[in-house]
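Reading through the structure tokens given below for one structure.
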Amino acid sequence: MNPTDLHPIKERMQAARAAAIADFRQHLRPDPLLSELRRIVDQALRDLLKLCPLPAGATLAAVGGYGRGELYPHSDVDLLILLPRAPDGPDESAIETLVASLWDLGLEPGHSVRTLAECETEASADITVETALLESRWLAGSRSLMKQFETAMTARLDARAFFRAKRVEMQQRHARYQDTPYALEPNSKESPGGLRDLQVILWMARAAGFGRNWRAVAQAGLLTAPEARDLRRAEQAFKRLRIELHLLTRRREDRLLFDLQPTLAEVYGIATTTTRRASELLMQRYYWAARLVTQLNVILIQNIEERLFPRPESDARAIDEEFRSLHGRLDIIREDCFERNPTLLLRAFLVMQQHPGLSGMSARTLRAIWHSRHRIDAQFRRNPVNRKLFLQILQQPRGIVHELRRMTMLNILPRYLPVFRRIVGQMQHDLFHVYTVDQHTLAVIRNLRRFTMPEHASEYPLASQVMAGLDRHWLLYVAALFHDIAKGRGGDHSELGARDARRFAQEHGLAPEDAELVEFLVRQHLLMSAVAQKRDLSDPEVINEFARQVKDERHLNALYLLTVADIRGTSPKVWNAWKGKLLEDLYRLTLAALGGAQDTRTVLAERKEEAARLLRLAGLRDDARDAFWQQLDVAYFLRHDASEIAWHTRHLYYQVQPDKPVVKVRPTEEGSGLQIMVYTRDTPDLFMNTCAYFDGKAFSIQDARIHTTRQGWALDSFIVLPAEPLADLRAQAALVEHELAERLRQAQGGARLADVRVFHRNRQSRVSRVFPVMPQAELHPDERSQSWRLSVTATDRPGLLHALARVMAENGVNLIMAKIMTLGDRVEDVFIISGAVLERPRTQMQFEHAVLDALAGE
């Protein structure tokens with residue numbers, strides 16, 4: 001066949017598609033477009049078969065979504081070529097010509113060629129194949145063979161086996177998507193709460209004879225009319241979303257990728273507000289719809305299961321006058337119990353906690369709660385009985401996180417705490433949160449709960465120890481509920497959240513000291529992280545100032561626990577062992593300071609004495625130690641702890657003026673990174689060259705301390721983390737010692753150093769490209785010295801610190817200390833610097849502009 005024979009078919013098809021899409025843009029109704037696209041392809045296939053006929057006696061059938069009568073703009077065209085017998089040579093040739101022509105038409109066929117017996121074999125082996133074949137539709141060829149096929153598929157269908165298989169398949173699919181509809185980039189088709197879940201319900205219902213659409217399923221008694229309406233609306237919303245994704249990307253794309261979300265928001269007419277991005281508002285709508293589907297999915301599947309696998313109610317066991325255990329699930333005794341007594345809407349969750357043998361709630365209970373949620377109103381919230389019940393839920397020894405999640409899914413928690421409703425499904429495009437605000441909040445509570453469990457004590461030894469000594473753990477859960485509750489409102493979310501927490505504490509009758517603790521935790525929940533990661537913990541004044549802010553040991557314990565739980569609940573990328581050590585160091589230092597603040601001279605003396613003790617253990621004579629220490633000023637001893645001072649001294653006391661750079665490296669104490677010491681003659685570009693080396697090794701600098709001895713030698717210390725965990729840190733340490741020393745030696749010799757950055761580092765994540773952080777640089781004089789404090793915020797990228805180091809070197813700015821805080825794809829770094837350009841307003845402004853250019857990548 002001549003390919004030019006296909007041109008008229010292709011042109012008619014493309015013109016009809018364009019007209020259908022233009023019509024969709026006018027009315028925005030998904031079903032007419034999906035049906036019209038299906039009709040267009042049906043006609044194109046029939047036209048094609050006039051040129052490329054089927055083998056004699058064969059049938060061409062649409063299967064899968066196409067067989068269902070729905071075709072998305074860029075979906076595969078799923079076809080079954082059904083043969084009456086095994087194909088011979090001419091049959092195979094005809095099929096090859098037909099399939100090649102389908103590709104030439106631009107249809108991207110997903111095709112299979114089978115006999116009737118092969119269809120039955122494949123359907124028995126694979127539930128996905130069986131499901132696709134169930135949704136078959138005759139297109140052309142032998143109608144009698146199609147009838148035989150339909151009869152065979154119907155005859156072999158076992159509703160019970162089909163239900164079990166589809167439920168397992170759905171559970172496996174949900175697991176691939178982390179069992180949550182709240183993914184950052186959800187798949188509108190496959191993610192929990194998406195289109196596939198709706199299709200699974202209808203497949204199960206159809207196999208069991210309960211109907212093919214929502215109206216029929218409702219008439220069969222599996223759904224109420226309002227539930228059917230809600231599911232129909234959600235289905236239409238997801239269908240339109242999938243259509244828009246295909247049209248926007250011009251390919252089969254079902255994921256709401258970061259770079260598509262802003263454009264999709266425009267398509268939907270969603271505008272950015274003063275406090276929320278348009279993309280965040282779009283995603284909140286998506287999450288609300290997915291939550292609805294997820295909840296009704298549970299109810300429907302239970303209802304179908306009860307119809308297919310009826311069990312007697314003789315095993316029901318009364319729990320109290322309102323609830324019973326039925327088949328291991330919490331069941332209501334009377335249908336109208338929540339309408340008669342709305343307080344039971346909270347007590348149901350308390351009963352779940354108090355009866356751990358219950359595997360869940362029955363469909364009847366879930367449905368009754370769902371439909372009675374409107375009974376939680378202002379009067380309900382003011383009821384002292386309900387307030388007491390809510391606190392009891394938080395005070396239980398088990399099931400707190402499970403029930404809070406269930407309360408959120410059933411819309412009970414958002415109705416009881418209206419301020420919580422605002423954050424349900426609220427995405428945070430801040431480059432370090434990977435959960436919606438409500439899911440992050442529940443993750444923080446989960447982390448706090450783990451601190452109370454002996455089986456997790458080895459994961460968080462200090463946190464578990466601190467939690468064991470803390471009274472009234474539930475106060476931490478209240479603080480966690482409110483710590484981010486004001487996100488998206490504008491203003492300081494910590495301050496606004498503290499006011500909400502104070503109001504909650506007053507309304508729920510918390511003791512004054514407990515109310516004050518909760519309010520403090522919400523207001524200061526970012527404090528400990530900021531001090532640990534941005535301030536010099538070796539400075540006694542920093543510790544004393546933090547101790548004054550936390551006031552006492554109870555506040556310190558609670559803040560430490562909330563901080564660790566908060567960071568760990570933000571993103572797997574944000575937490576690392578180094579941050580854990582910083583927080584632990586700050587906790588221990590502050591605990592000591594709360595026992596009595598120490599002045600600088602006392603701390604200095606104790607630090608030197610401890611370093612001297614360590615050096616004696618290493619066999620170093622006191623006179624050798626003192627000779628080296630005379631090269632160092634007070635600032636050095638305040639900037640390093642005793643272990644670091646002893647380590648430096650042990651390697652440098654005999655080479656105070658070396659003829660080449662000295663580099664020593666050891667694994668960090670917590671075992672995740674490297675501690676690096678550089679000792680060499682000081683030069684303006686030393687820090688820049690060191691950063692360039694780290695950048696080339698894909699090392700992330702966490703901490704930098706820059707010191708110059710009285711004789712002009714640089715003694716610099718770094719903590720770096722590798723991009724990926726290293727199997728042998730000691731081998732890496734030896735390699736760095738050699739390579740970095742050689743690089744610095746070449747630089748001092750005047751050699752022009754090549755850019756060693758490796759190619760895979762020169763990339764940014766998609767989210768950071770779509771939602772970049774506005775570069776910021778703030779320069780303030782350091783209140784207790786002659787130096788300056790430079791605070792920068794920007795999107796993280798390869799070579800960022802190297803670029804800043806270059807700006808400092810070019811402007812004659814000396815780096816004294818750097819504290820690097822990386823939060824996912826966002827950096828918040830602090831540099832203590834000095835230099836003549838910082839003393840004059842004009843040159844200071846020029847320096848700030850150069851820093852901003854470096855942050856922006858210009």
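Glycine is no exception: its Cβ is also placed from the backbone N, Cα and C atoms.
The shown structure was predicted, so the numbers you read here are calculated from the model rather than taken from an experiment.
According to Swiss-Prot, the protein has these features:
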DOMAIN    437-559  domain 'HD'
DOMAIN    675-756  domain 'ACT 1'
DOMAIN    789-858  domain 'ACT 2'
REGION    1-318  region 'Uridylyltransferase'
REGION    319-674  region 'Uridylyl-removing'
Mind checking how the domain 'HD' (437-559) divides into helix, strand and coil residues in DSSP?
-> 88 helix, 0 strand, 35 coil
By DSSP assignment, list the helix, strand and coil residue numbers for the domain 'ACT 1' (675-756), in that order.
-> 31 helix, 27 strand, 24 coil
Kindly state the mean pLDDT of the domain 'ACT 2' (789-858) in the predicted structure.
-> 87
DSSP-assigned states of the domain 'ACT 2' (789-858) in counts, ordered helix, strand, coil | 31 helix, 24 strand, 15 coil
